[in-house]
Amino acid sequence: MTALVLLDAEDGTIPQTSRSAIAAAATLGEIDVLVTGGPDTIQAAAASAAKLPGIRKVRTAAGEAFAHGLAEPLAALIVALAPEYDHILAAATAIGKSALPRAAARLDVQIIPDVMDIKDAETFVRPIFAGNALVTLRSSDAKKLLTIRTASFDPVPAEGGNAPIEAVTPPSSAEKSRFLSAEHSSTERPQLEAARVIVSGGRGMQSAEGFKILEPLADKLGAAIGASRVAVDAGFVPNDYQVGQTGKIVAPDLYIACGISGAIQHLAGMKDSKVIVAINKDEDAPIFQVADYGLVGDLFQIVPALTAALE
Amino acid sequence: MTQRDIMEFDIVIVGGGPAGLAAAIRLKQLLPDESVCLVEKGSEIGAHIVSGAVIEPRALDELLPDWADRDAPLTTRVTREEMYFLTQRKAFRIPALARVMPHLANHGNFVVSLGDVCRWLAAQAEAMGVEIYPGFAAADVLIENGRVAGIVTGDMGVTRDGAQGPNFAPGMELRGRYTLFAEGCRGSLTKRVMAHFNLRAGVDPQTYGLGIKEVWEIPAERHEPGLVLHSFGWPMDDRTYGGAWLYHFGRNLVSYGFVTGLDYANPWLSPYDEMQRTKLHPVFRPYFEGGRRLIYGARALSEGGLQSLPRLTFPGGALVGDAAGFLNTPKIKGTHTAMKSGMLAAEAVAAAYTADAPEPDTFTDRLQASWLHQELSAARNIRPAFARWGTMRGALYAGIDAAILRGRAPWTLHFRHADHETLRPAAACPPPVYPKPDGTVTFDKLSSVFLSNTNHAEDQPIHLRLRDPALWKPVNWDIYRAPEIRYCPAGVYEVADPDSTPRLTINAQNCVHCKTCDIKDPPQNIDWYTPEGGGGPNYPGGM
Amino acid sequence: MKILVPIKRVVDYNVKVRVRRDGTGVETAGVKMSMNPFDEIAVEEALRLREKGAADDIVVVSVGVPQAADTLRTALAMGADRAILVQSEESPEPLAVAKILKTLVEREKPDLVILGKQAIDDDMNATGQMLAGLLDWPQATFASRVEKTDDGLTVTREVDGGSETLSLTLPAIVTADLRLNEPRYASLPNIMKAKKKPLDTIAAADLGIDLTRRLTMLSMAEPPTRKAGVKLGSVAELVEKLRNEAKVI
């Protein structure tokens, strides 16, 4: 069996999300990766991809059409390469989620999104109902197209391999959509839903002023800032900070809950985080029941100390 | 002033519970060509219904005699029933239940999900042409020239500070020649109508209970469909009215709940924790082992009975169901009485409509002549006996009243105090010690509220308002230590900084619309208003 | 411009679903059903395009059980002109739905199809892309802003770490993300009027499309509950654990 993994190649580097998708493919036989990009970035991206461990070959497709991850040319390319593969995977990122279902339809295959476990070559586990249930599905399609829930697979290292690079000629197709511009929020804080790290505050922050001590910590971690509903209702922070059942549902790699008691409504919004840290003065707070690491004490001492310790 | 659209109907009904739906159906039977509009604040019919429920099919038999052929969700017949008097560790089964508590005999009754029954009733009503609009709260009552002329639905899209948001949609006037208020216990418009027309003059104060309920799925081997258990005594002290129920129904489902009389005196009492800890009693606990909790909800109910019934009609309409207070407390049933009251009111409205009379005042005579009055009359002395003499002597009186006097005592016991007058100062009362939730049989309040599926659009005015915020600290806090944080079964009320500068926090989003705060607040300073339509709990099927 | 808006009837987002004990699915008996929230946003966007003069005909379509007609009525009450119910016994997979929609697109000839980015029940996030693939139309997923231009559409999309703006030629497929708009309330008079708007019913079986499921559900389970971790003694210990054990910083 052979799998093809579509990589997101941003600025010539291979992000962690794509490396998680490669990890997911590991049980599915030999792995080729597909790197696409504009003429000016493709070389660097291909070189980065070639260093990934466990890759049979790197296939590249360059051109203006691929410079911005547009779904139409990507899907057409995947369809063209599909006869050579049993499984085609991508990380469940904006690009993977846009291109793979489109390609799957062209191949008359039912896409399987957000795969969090691969039982065997045709059996997959994925979340439904916002993660409140997990289904195990068996695909009867001759070929499987999957997007990978990246938090469920530890990424392969960025280096260690030396795979050959092979350019493919993309199929020609009429331009259907055109990239105009991108607005990156990189200078500001990341969006809550997209953040890899979230620092979140609750009633224990005591005031809008108190809440501000989370900012240096978030800066240090490149984290988004969230809040519990109590903190929002008390006016410490605006509404769109709210994490929880009625706010945003998040699943970062690291969630640091400061002064949050852990009402179930809040837990419903962040329980899928990979690692949860709780800082609370009440050692009976329910948040400790879900936290991987807990610190009992005054957050007004702990948070600055933690910030300082991350120097 | 916002310009409001107007819609005209012959009859407007507020509330889609058993009373409102039975009234709607009866109206269509009597006046098939007239328009009947029913509004319901819940997101769908049944979304706000909480009841035990064991129901007596008497009213339904009269309303829709062929209900069984219409797939009505009355499928679990009561097969066995037991009543226990509890002490902390022991339970005494009341012998010869049918003789000493004949009102409790449940032969021929059904264990149901009242929410499901209401969904079914609504389908029957819609098929007959009743226009039913869930998700629309009746926020105001139109009173013109001394006559109720309809209601105004709530504005939608109002922001927290009261401004018109981007999606603002003004409420509408729903005008009717007659308006029936079927809002259930302590209806917010019923309250205004009662005040405006002075409907409570000369009657006893209403007294209430707070019912808190859970639905569980239990292992099949412990499930006995149709088994009905009730308890009184522990954990209540002798001066506090209350008890638990446990009904087996459906597919491995049990309905468990606890009613606390809201005339309780100790401000430290927490109806929620009483309900939780009663599950740990050996009579109940085995049923919960290995089960899982599915749904949680709470609702106040009117316990006053006949003596507390207000005048029922006014120019332009009537009060029906538990909004008026038709519950039969000793029988622990209000569905058949609510439905019957709705049907009688519908008949009175039809008569008034035909005669072009402003007030459907034959409702009172029709009630007098009906089994509903007989039933409430026979039960009238039991609840006040408990209020007056406590649980042990009250129960004894109840036995005598039922078994010997057969409800025909030549005297009537009265309620002396409204429930907001009964609290004693916190300093004079011992706080009960409640066990910590164990996470398998007993649970904390917020994880319970989660199972009510309650939700309110975030950016809207707080629907629980203090008339005078300055009153809270000197009265609620200084004297009673904020009883609202304990009686509220949804964690709406919290005290911030209790050790330094105590302030009341109102988490209105958690509200499950039980109305207890509106009832029990000692200075009657909390007013419950309708939030944006569709808000509140979303009780699923089985509740 | 004519807009087709496919919508789905799903378990209401306020309802906590629970997996049946036997793992055969989630409990749906007596559970409140509503329009998929992202589809509501799609309907709203179509209405706003019409209000701006960019569209003149809005057709909503749903594939599913007969009760999906109620969901279509909600869309009609919001302001859609016409509804089509493609009746099927259960909810088909996105690929089958996309094939059904393709047939409807060929009949109705819309210039634009707007639909929710995903349904909140199966969270597949696929129907729009799959329909775009079958039709070979341009697509813009996760839209947070849609503008009609002289020769097509300008769509801003939410992507990882920011947003990007695309121009599309018509006909095209757009999938709606949360921030695209806030849907309006359906007013009482409009709910009444919606009862009289046209709603056609087609049997899915009559379309000659193979609806066979490609994915067989072997089991369904609730996710494992998190277990309490360890309480640490110091900040230094926490930093050490995060670096070397959890490897998240």
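The count begins at 1 with the first shown residue.
The backbone N, Cα and C atoms fix where each Cβ goes, glycine too.
The feature domain 'Electron transfer flavoprotein alpha/beta-subunit N-terminal' is assigned by TrEMBL to A:3-183.
Residues or ranges marked as region 'Disordered' by TrEMBL: A:160-185. The list of residues near the region 'Disordered' (A:160-185) in space but at least 6 beyond its ends in sequence, with Cβ under 8 angstroms from a Cβ of it, reads 33, 46-47, 49-63, 65-68, 70-73, 76-77, 79-81, 191.
The FAD binding site annotation in TrEMBL covers A:R203, A:228-229, A:242-246, A:259-266, A:N280. For A:I260 (FAD binding site), the Cβ neighbour count at a 10 Å cut-off comes to 33, with all displayed protein chains included.
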Original post:
For the binding-site residues listed here (A:Q242, A:Q245), which one has the lowest count of neighbouring CB atoms within 10 Å of its own CB?
Top reply: A:Q245
Original post:
Counting other CB atoms within 10 A of each CB, which of the binding-site residues A:R203, A:H266 comes out lowest?
Top reply: A:R203
Subject >> Set of same-chain residues at least 6 away whose C-beta sits under 8 angstroms from A:A263 (FAD binding site) >> reply: A:S228, A:R229, A:V230, A:G244, A:P286
Original post:
What does DSSP call A:Q245 (FAD binding site) in the simple three-state scheme?
Top reply: coil
Original post:
What three-state class does DSSP give A:H266 (FAD binding site)?
Top reply: helix
Subject >> Members of the binding-site residues set A:I260, A:A263, A:H266 whose C-beta sits under 8 angstroms from chain B >> reply: A:A263
**OP:** Over the domain 'Electron transfer flavoprotein alpha/beta-subunit N-terminal' (A:3-183), work out the mean pLDDT and round it to an integer.
**Re:** 94
Subject >> Assigned conformation of A:I260 (FAD binding site) - DSSP reduced to three states >> reply: coil
